[in-house]
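Engineer: One structure, pasted below without further comment.
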């Protein structure tokens, strides 16, 4: 598989940072991306473990660093989580576990808060830290409003109370927070420090391919609000004939769709919309109707059906009955003879996803198989 | 207004809109990456910090992926102006004459940058000089703004005396500046040259320079500080710089052994090895063993002929689909004669512009380069690697390592049963050696 060179030994990604710094946001996004490109990844969120252990959250007092009872509970949760991490990576063939928590990491000999946790060598694990540092009070307030207000910890959701309690929760952590120190203490660790939501990054000791991809991904994502529009080309001549692939033009109904698409896009009044198509005639014709600038990407071309190109499904079943049956069995991995599989498509489309992450408002006019791959990435659908 | 008609470009097989028989605007081809306004990359750092190494390598990479890039080495301008280098005293901070000449050279170089980016369709210019003061960087930044360029700084910081000493030995001793000196004299003079810059060196600062776009590379890539990446090309540059290393290693490139279709003079397909091909595989295995290469990784395509070749080595290997041979579309498994007979126009077009020519329902060399970019990136990350691939693929990889332009790429010599050993030398260039040459296969020559 193409991803085989990516991970030799399993990797543990540890998120670090005060509350409301986007750790869970980044964990989930990163996990979604890694799973999509074929690297089995799972998130272990300590907050979830804590909520399991302490059925009902009372107040920020739980997080005070001098609250001994609470500290015991949190420590136990961390250990349980780590056991689950170990089980996922070593027994369930996971490749990457992402640990998301606000616990500070104390990593010197002997007085480690979580004994043995980062003695990863015992497990043959590589550890990569992702720290999110933010000192912009507006960003933090916005985070709290967006995600904390609707957290299970605050069922009444009274905004002001939530904000107040949560800010005090953050203060509890600040007392003992020790950011990663690349110049001295933590200079031998592998990590990326994301500063102020991606304005600046500090990257230290990237060990391998997967860490390099993780860094590249984190450096390309942003949190500006925007919308991505996905659609297929209008109906093509081959669609009408029930033939797959090829490079046919739009049917009359396809042309109608293009006109309707134009109207729709105009009504939406989207700011600075970019339009992307494949290099096949049918998507380009669809874009032409919009009367705006568009970019053609060869890698957005439809899946190559190899020897089955331009055939109908009936013809394929007649001529290649074994192939036809196999495709139904394992549609994701199945590769057309002389053509591609959905798995190949995902690899081919990765630069599109990376660029979509960088961009703002984009309309992608593509094809059925291609659109399925892109959709699976955004909606976190499995292979 | 009705949608414009589309015509298919006969060479590249791309669909383009046209108005009254003439090509129209409003459509762009995305090659590998689009650059809207030109980018000015400004190197920053004391002497012997690898600035020229990085400039040259980055320029080579960007040109290979299709972004017209040129480097401008101010030291070279100085050498052209001041015919004979005397000593480090030229660089003393209170040497008025020296300062005047150095400023003149920087301005001349910037003028050439402007010509390249604004008049000659260059997309990226790499301005290779120390640029160690904020004042100098401010001047360059303003120059960029005035001309509508985006400026991106690349600083290399290194305090490890061993690394610096190694740099001096590798590139400075052989410099035209020190052609009449002994190694000791040259080293001594160069160390004093570095001292001249140290007092006024203002490194890029997280606070003072927070509005600039830059990457600061520390200790030859141990860590990086990246600030305000503005666009796609800067993101690609950062990714590339974070993946390259300077550890000595060698890359071995070869094609699969002769295949059954090679024997018949047919292109493409997925045939197995011929008898002679199998013999080559055995020789390759012997050769690799003799070379005693440390931790050699072996990569193949997903086509039978490269895999069979690797199998003979008896070592683990990785298959990459993107290393598959160029897709000849409707011409797959034909002989060149059959192609000429059945598709005479295509045959002629291919000769006209072999790099951009795309087989009907197939690929072009240009497409291949885009497809192979992740291979190049991973080759940069790796150390000793043997890549068993195909003729067109090997030409693309070779063009990257040997800095060959697109026009030459499709004609690079990659005969069967020959292993090319590439070893990086000074400034990231590659020394190469042909090994294990046996009877070659005559490919279509221009």
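Keep in mind that glycine also has a Cβ here, set from the backbone N, Cα and C atoms.
All TrEMBL annotations are machine predictions without curation.
Straight from TrEMBL, here's the annotation block:
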DOMAIN    A:3-225  domain '6-phosphofructo-2-kinase'
BINDING   A:232, A:233, A:234, A:235, A:236, A:237, A:238, A:239, A:282  substrate binding site
ACT_SITE  A:233  active site, tele-phosphohistidine intermediate
ACT_SITE  A:302  active site, proton donor/acceptor
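Where in this structure would I find these features, and how exposed are they?
Structural biologist: Mean pLDDT of the predicted structure over the domain '6-phosphofructo-2-kinase' (A:3-225): 80.
Other Cβ atoms within 10 Å of the Cβ of residue A:282 (substrate binding site) number 29 in total over all chains. In the three-state DSSP classification, residue A:282 (substrate binding site) falls within a helix.
Classification of residue A:233 (active site, tele-phosphohistidine intermediate) by DSSP places it in coil, neither helical nor stranded.
Long-range Cβ contacts of residue A:302 (active site, proton donor/acceptor) within its own chain (separation 6+, distance under 8 Å): A:245, A:278, A:280, A:366, A:367, A:368, A:369, A:370. Following the DSSP three-state reduction, the secondary structure of residue A:302 (active site, proton donor/acceptor) is coil.
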Engineer: Report the member of A:232, A:233, A:234, A:236, A:238 (the recorded positions) whose C-beta atom has the most other C-beta atoms within 10 angstroms.
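Structural biologist: Going through A:232, A:233, A:234, A:236, A:238 one by one, the largest Cβ count within 10 Å is at A:233.
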Engineer: For residue A:238 (substrate binding site), name the DSSP secondary structure in the helix/strand/coil scheme.
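Structural biologist: Once the DSSP labels are grouped into three classes, residue A:238 (substrate binding site) ends up as helix.
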Engineer: Quick one: which residues besides A:232, A:233, A:234, A:235, A:236, A:237, A:238, A:239, A:282 have a Cβ within 8 Å of the substrate site's Cβ centroid, in sequence order?
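Structural biologist: Here the non-site neighbours turn out to be A:240, A:248, A:249, A:250, A:251, A:254.
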